[in-house]
Amino acid sequence: MAITRWFFSTNHKDIGTLYLVFGAWAGMVGTALSLLIRAELSQPGALLGDDQIYNVIVTAHAFVMIFFMVMPLMIGGFGNWLIPLMIGAPDMAFPRMNNMSFWLLPPSFLLLLASSGVEAGAGTGWTLYPPLAGNLAHAGASVDLTIFSLHLAGISSILGAINFITTIINMKPPAISQYQTPLFVWAVLITAVLLLLSLPVLAAGITMLLTDRNLNTSFFDPAGGGDPILYQHLFWFFGHPEVYILILPGFGMISHIVAYYSGKKEPFGYMGMVWAMMAIGLLGFIVWAHHMFTVGMDVDTRAYFTSATMIIAIPTGVKVFSWLATLHGGSIKWETPLLWALGFIFLFTVGGLTGIVLANSSLDIVLHDTYYVVAHFHYVLSMGAVFAIMAAFVHWFPLFTGYTLHDTWTKIHFGVMFVGVNLTFFPQHFLGLAGMPRRYSDYPDAYTLWNTVSSIGSLISLMAVIMFLFILWEAFAAKREVMAVEMTMTNVEWLHGCPPPYHTFEEPAFVQIQTR
């Protein structure tokens, strides 16, 4: 029974649960790797060994957090669970392909871990730039295994994207237009389109790198007429949309949570929110070279990428102020998901502001590859994506399980986590402005103070992670069942009770459209 249910599942709820469990587990691995990094940097001098092993840990930390934590949780977990419920579909459009999308991830994860176990590991950073990722600087199978791992994760995401696009467009009731679907549905739709358009470019780039390493081609080798800068263009044409893929589903979840706990029946400016997400999705594809301001592009090219990058701040601002407008005048229920959502709005905005700073090509020449960049993207990921995941988890946990989390404990957990991540990443702005470079395992004594503070912050975050595991255990042990759900008419996913039956919407939903 367990084997047929969990290994061969074609049920969106079960596959969503598999994604949530896998993502949580990978999150533990990624957190462990990050704590190794912060332990190494807690004081000057070596702890783990040389820079190679350090960079292997950094690289693995990035890949694990991006491909095996954030994406499986947001898109695979919440997407699978909520989207069919929100549009009244009996399941995903391609339920068996959905199962395959999930089961490609554990082998992919295995290949990534294997890459660290053979030879010297892949100490390239998650960007895998040649010539460092070439077969001279990284002889052996490590980088090849990493590339195969990325191939599997990429296929998984492409199949998932096809599935979500088909489901969202074709499986809603005929009477409902796309502009009547909830914002989370829109967010995942736009995310899926971004995945579908960007991942093939990454696949091309890393396949060319694979043949450069093993088949003696010279796509990225100047000796044979190639150019390593070509790889950077291919990688970042994927890499920049990828960072929007990581945050867009979070935008959708935050919209739902802010509206729900403000006592509003809809978020402020629904159409503005949709168009803002579409604008972010489009602009995300035409700003990639802002990651390459230091490789010697023309001044007019740099001017274009600076301006285009700054334009993204406009739709992002539309979203931030719409969330604040949703809160305005509401009867606010100060429950934990709202705390996570407010933390998201504030800290994501801070991360966005440092992003505007980095968009200036002149300033980026100085700040590129310093801890200022690390601080910037960890504010939008570690306090944007992760806070959105936590908000969504605490909010929808009763829907998934039928049990409620302990109210006071989750609030304490939020407080500890909030202090921990800010103490970890805020000082890194100072280190970056003082010129401390990224991806080095050691540093001059002058940088000791803020590195020590940052590492203490990481230990506080670790306490929060352990506290979260306790909260989960407590909820399943206490078994406080959900009594009643409010506002089901504007939050359709709750309509079937907590937890919903194994099969929902087995016959088409009846939708009555009001005509004035």
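Residue numbering: from 1, along the chain as shown.
Glycine is no exception: its Cβ is also placed from the backbone N, Cα and C atoms.
Within Ser382, Ser441, Ser454, Ser455, the residue that Swiss-Prot lists together with Glu40, Gly45 for binding Na(+) is Ser441. Swiss-Prot assigns Ile176 and Ala289 to topological domains with different names, so the membrane separates them in that record. Record check: Swiss-Prot places His290, His291 at the Cu cation site, and the matching candidate among His240, His256, His328 is His240.
Distant neighbours of the transmembrane segment (407-433): 38, 335-336, 339-340, 343, 347, 354, 367, 370-375, 378-379, 382-383, 386, 390, 394, 447, 450-451, 453-464, 467-468, 470-471, 474; these residues of the same chain sit at least 6 beyond its ends, with a Cβ under 8 Å from one of its Cβ atoms. A separation of roughly 14 Å, to the nearest angstrom, links the Cα atoms of Glu40 (Na(+) binding site) and His61 (Fe(II)-heme a binding site).
Between the transmembrane segment (12-40) and the listed ranges 141-170, 270-286, 299-327, 371-400, the one holding the most Cβ pairs under 8 Å is 371-400. Mapped onto DSSP classes, the topological domain 'Mitochondrial intermembrane' (287-298) shows 8 helix, 0 strand, 4 coil. When other Cβ atoms within 10 Å of the Cβ of His240 (Cu cation binding site) are tallied across all protein chains shown, the result is 23.
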